[in-house]
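As recorded in TrEMBL, the features of this protein are as follows:
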| type | residues | note |
| --- | --- | --- |
| TRANSMEM | 40-62 | transmembrane segment |
| DOMAIN | 44-328 | domain 'ABC transmembrane type-1' |
| TRANSMEM | 82-105 | transmembrane segment |
| TRANSMEM | 161-179 | transmembrane segment |
| TRANSMEM | 185-204 | transmembrane segment |
| TRANSMEM | 268-292 | transmembrane segment |
| DOMAIN | 359-600 | domain 'ABC transporter' |
């Protein structure tokens, strides 16, 4: 079997990442997800507000304690009687504040985890329903990073975000307490606000860009790593190990550099905030001293104000030290929402119910992102219930034509239509169908079949959810796979796929054909579906494929010319063009390109096609 080259590419080039949501769109998406859980929102908010009030009450009560003690000393009265109710109130405030703050954090974390789970499910749903060319263009690395790493970054940040929200509420309640104590002390507190505002205005726009770049670099690193792992055989076969290692190293170094730039920016911001805290506390104490000397406020009021400001060090510290995590989470969340908010493709027309269908390709031209055209004006009709084999040398355009016929991606020009085999006036353009409706009409099995991790039963039920064991065994019997399936350690309960019971290449293809049998579409496209099996396995798979094609409209990219000979007609391709079309005997008698391929096949016993 020869290399498949450009023809093996199933879509646009992988250089465009999926969309990233704006801050407004991200906030709106999170808000909608939160409003779907009103109980958690109400409980976490109420606990946070009441807990903050109780926490802030402690320094205010301690200020009253100072005033009571001073008054008692001046009048030489009993201090204990006056202090007992105040100290009891302090104890109650401490306990209530601690309990409600813990409850608020727990409820907020539950809310955040629920939002993360909802967004993860939506990202997976959108990814699975995404147009194949969009997924191919972005690359598996970008999608997998968003579903795994980005969701994990946001999930890990949920406790931090909960603490940030609680701290913001505490700061808000503290500001009210400052104003209530004395407006002049409040003014001293507010003198430090411009420092905070200016620092934040300088840092936040810069941080948003830096952390977005960090997540983007992480996505690129994941894509390069995945390509290296998945393409390890090709890397070793062509001696590309050092080159690929350089790519991985370059992507990793770029990711590290982006992370360091973000950390340096945060370190400068944190230093400014610490300086502002020192200035603010000094301003409050100095103002309080002047007001006490002028007999405008009590010592207890100043004590309460100083304790309030000092009490803010904790919440402010959480806000400052958490900006790093929050910005990273915001960048990850924007990437998650960017996919979750994508409109799932929907059919523009109501899909017809087709028992049989004619496949009609008109004016098909196709070029990939590099501009190189690989298909040049192909017109083709595959009548309902007939089979068409596509043969040709490597790079002829066979796989591209098959992918377009199956609706994997649209052609650059031209149309692919399904015409009702019983009512020729009824036709539907594949470009008007979403993936769900499309796959109910056209099924495809390619050379690269995937075995999903899980039991054999679950793997088969992916195409027919809820299908019972009786139907599954009937399908396995129908494709001749029941013999080896029954020989598995646990039958249908045998775990297959990654980490499970290993299947041979022939069994994997057999499984893919069984899924197609269960799906039962009127149109089938097989792209070298038996190529990976050994000779004996290939003959068995060809028999299964022949049985599957019976009564269906089929397009078969034939790896073995014996499979092509069994089809009703054969299309010979060269350089992206259809050069011959006819039955096996007609093409052999014509003495053209197919005749040469057949002669090479029969005399050498080797594959003459890709």
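Placed from the backbone N, Cα and C atoms, the Cβ positions cover glycine too.
Quantities reported herein were computed from a predicted structural model and do not represent experimental measurements.
The average pLDDT for the domain 'ABC transporter' (359-600) in the predicted structure is 88.
Sequence-distant contacts of the transmembrane segment (40-62), counting only residues of its own chain at least 6 positions beyond either end whose CB sits under 8 Å from a CB of the stretch, comprise 34, 86, 89-90, 93-94, 96-97, 99-101, 103-104, 107-108, 110-111, 114, 162, 165-166, 169-170, 172-174, 177, 181, 303-304, 307-308, 310-311.
Beyond its flanks by at least six residues, the transmembrane segment (268-292) meets 182, 184-185, 187-189, 191-192, 195-196, 199, 202-203, 207, 298-299, 301-302, 305-306, 309-310, 313, 316, 320-321, 323 of its own chain at Cβ-Cβ distances under 8 Å.
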